[in-house]
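> Mind looking over this structure? Questions follow.
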Amino acid sequence: MNADAQREAVYGAPPEMLEVRDDLTPMLSQYADLCAEHDDAVVLFQVGDFYEAFCGAAEAVARTCEVTLTQREDSTGTWPMAGIPIDNAAGYLERLLDAGYRVALAEQVEDAEEASGLVDRAVTQLITPGTVVDEELLDAGRATYLGAVARGGGDVESRDSDAEDDADTYGLAVVDVSTGECLVTGADRALALEELERLAPAELVVGPDCDLPDLSFDPMETPFEPGAFDADAARETLSAYAPRPDAVVESDAELRAVGAALAYAEYAQGDSTLEYVTRVTRFDPREFLQLDATAIRSLELFESRSARAGSTLFSVLDETACALGRRRLEAWLRRPLVDRDEIEARLDAVDALCDGALARADLREHLSSVYDLERLVARVSRERADARDLRSLKTTLDRVPKVREALAGTGSDLLADLRDSLDELEDVRDLVGDAIVSDPPQEITEGGVIADGFDAELDDIRGTAEAGREWVSNLEAREQERTGIDSLEVGYNQVHGYYIEVTNPNLDRVPDDYRRRQTLKNSERFYTPELKEREDEILRASDRADALEYDLFCEVRADVATESARIQAVADALADLDVLRTLADVAVANDYARPEFHAAGPTDEHGGIHIDGGRHPVVERAQDEFVPNPADLPRGSVALVTGPNMSGKSTYMRQVALGCVLAQVGSFVPAASARLPVLDRVFTRIGASDDIAGGQSTFMREMSELTEILHNATGDSLVLLDEVGRGTSTADGLAIARAATEFLHDEVGATTLFATHYHDLTDAADDREGVFNLHFTAARRDGEVTFLHSVADGPSSSSYGVEVAQLAGVPASVVARARDLVDETDPESANDTEGDGVAAANGEVAEAAEDGTLAAYVDGLENGHRESESPNRATATTATAEPTPELEAVAEALREADLADTTPLEALNLLSDLKGKLE
Ligand code: ADP
Ligand code: MG
């Protein structure tokens, strides 16, 4: 990538400086050293109020940030230079990050005025996509993770023992440097990768020997010392965060991953332990409903696939009152539960809040004035919080008793637990309340921060300064009286300090002890030894006060930092509460119903998904009228959904899945009622023609995704297949669709919804009890089609393709001619017209289809993985239609193919072989 090439000249010490290394001025020499030490980032070098970059880096900064490229000249040369103002650096830093750069801030670490000679500078912070902490660079509603992946020998039992996979385990850890959240998990490679996609860290450090495929998101991949992935080094790192490191993780790979993630986070934050990472949480992906990246995308949980911007499940649900809640809602949606008790506990809480309109409104009000406690605490621990941050902390803590009060009348165990865990933190609140003035300035070094009465010494010093000022303010009257000069004035200016001003006509009356300070046009300014003394006293006192205030502030901040864990626990509870009240608000506003789950224990065929009056939570909000539809899907059944384009198939399937996901999040669902199973995974695959975002080998991807489902789905999974098989010719597509349907039904037993334009597929319902047809209807009125959007039993009778063409504005004469052509064909094969160009695209197979041998074609396939079934069926059917040797060969090849165990590439090759045989 040329960005990398560009970076060559941008990172590290500038070569042109190295050529005159020994002659460089001390400052540039320091710059070159820091660049050499931090050669994985653009070093921004503080010079007064600016961050400067030189040479190649200057050019990159100038270009990226659109600032002027200037020059610095000295005896050794002329150096290109570009600077960004420190005061509003955030916007520029963001541009650099967006352009793919990493940034190291080399700040002045001693007071420029106190330094003798060169000011000491050090890299205090590394700014990268995964390690940003500046509020302005962060998205309030989303966690920004830095991730580490490591590979290790396996202690974790392999999930999929009958797959021919290796015993490799992968560890995955993420750290949110802005909040201190640290998660670690481990699994086999496939599952770990899925989890990685789900967490989608902004930046990734990859351990030795890890084999990562192309990811569906785009993290910055950061090279980091492989040593950090060493088990011993990792254990050492982790021990600063967990007293017994080995008790936190369950495998070597997990240990390596979390050790490396923390080590890198420490490195980025200036090589110190991150005090605010108070908990390292290990989870097992299997303890949650698994939604892989494809499912998250196609269900549009967080990102919309269509032009309707912002229409995602998250946007419909996001009635959160604070940033804590918003991030938590996202986390819950990404990881719905599978533990019945936990789900019911959330549902009970939502239920209770639905009933308590008053409590809900109160909670909303109080939570909306809650600051981002997690990030506040992290700033406090990092010693980056200012006095305003501490006041924000107090404002937030002041809300806690009110939140508790609001919860008093609500009956649910979870709400009661959350209420109990709301520590009012009176000590912290009082400390900040007593120490910090109520409206402190942004600067913490210039006084005005610490409240009166907090520290006796400070009060004393302030008293001295105050007395001095008082003395000065009375001086004017005293001197007027002493000298008899009524026009005498006492004043103050920055340069000369206090003075006594006497106009020229009165100069003869000036007493002996007046010393001249300054001569103006019409007057003279004087001071007296006593005034000078007082002035020094005042200055000394206020300098001392400022210094003492700063020390006191740091002490208070450090005291607060020691309570990080307690504060984080409160943040945690507030976040949960905000989500629960949000779910209740949404349920009430949109008329959702509480889902019921089938009783625990082994589920039989009576399990399954039963929804009355179900709606699509996002689509129903986007349009005036939405037609509710029921869903009755016995456990392990396959529903084939047919109907014209735009009739509502995709919407229907997704609303079923979204209902299940919402229920397992602990939310009510958009339906009149719902009885649901607890699912282990939801798979959704959208066929190529429906995949707007597609582009590269879509059919290939479709097939590899299908393979993944066939391998990984279980009887507890829900599978949505939307127009799968469309990326290839009709006959091939149909064959694959049919084979996949049968496999899902016979072998996997996953509850499946399959929207298809292959009307021939609907025959699959004839010979399998668990396969049934649903269709969407349209009404013809005066030759026009209106979609009813309502689901009915049985297969769709016609494709309505021509009418849809008419709706789309195809000229009337073309529509009329098409209608004639449809009428000429027999009604059975008219069904195929929705497929893409049968005859043209696939001449011989299509002909075969017409003379009835397609059935043979499919039957052969069917028997391919159902060898136990009577072989007579295939022969019986083929007997009626004299198979050619070519067809025989094709059927044989298909019979031998085990689709469940075929890679996409193999599938493509197979298809190409088959075509070859027919040609
Ligand atoms: P298909 O997958 O059958 O082509 P879609 O599910 O994409 O159709 O639906 C097409 C459009 O029809 C949707 O964008 C939506 O506006 C509308 N629609 C779908 N289902 C319903 C419904 N139940 N009630 C009202 N409008 C609906
Ligand atoms: Mg569709």
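Cβ coordinates are placed from backbone N, Cα and C, and glycine is handled just like the others.
Annotations in TrEMBL come from automatic prediction, not curation.
I grabbed these lines from TrEMBL:
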{"type": "BINDING", "residues": "GLY643, PRO644, ASN645, MET646, SER647, GLY648, LYS649, SER650", "note": "ATP binding site"}
{"type": "DOMAIN", "residues": "717-733", "note": "domain 'DNA mismatch repair proteins mutS family'"}
{"type": "REGION", "residues": "863-886", "note": "region 'Disordered'"}
{"type": "COMPBIAS", "residues": "874-886", "note": "compositional bias 'Low complexity'"}
> Which binding-site residues from the set PRO644, ASN645, SER647 come near ligand 2, judged by a Cβ under 6 Å from any of its atoms?
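From PRO644, ASN645, SER647, counting a Cβ under 6 Å from ligand 2 as near, there are none.
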> Across the domain 'DNA mismatch repair proteins mutS family' (717-733), what is the average pLDDT of the model, as a whole number?
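Taking every residue of the domain 'DNA mismatch repair proteins mutS family' (717-733) together, the mean pLDDT is 81.
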> What is the set of residues, excluding GLY643, PRO644, ASN645, MET646, SER647, GLY648, LYS649, SER650, whose C-beta falls within 8 angstroms of the centroid of the C-beta atoms at the ATP site?
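Counting only non-site residues, the set is ALA755, PHE776, PHE787.
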> Mind running the binding-site residues PRO644, ASN645, MET646 against ligand 1 and keeping the ones whose CB falls under 6 Å of it?
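ASN645, MET646, by Cβ distance under 6 Å.
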> For the binding-site residues GLY643, PRO644, GLY648, which Cβ has the most other Cβ atoms within 10 Å, all shown protein chains included?
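Compared across GLY643, PRO644, GLY648, the most Cβ atoms within 10 Å surround GLY643.
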> For each of the binding-site residues (ASN645, SER647, SER650), count the other CB atoms lying within 10 A of its CB, then report the residue with the highest count.
SER647
> For the domain 'DNA mismatch repair proteins mutS family' (717-733), how many residues does DSSP put in helix, in strand and in coil?
4 helix, 6 strand, 7 coil
> Have a look around LYS649 (ATP binding site) and count the other CB atoms within 10 A of its CB, chains all included.
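LYS649 (ATP binding site) is surrounded by 27 other Cβ atoms within 10 Å.
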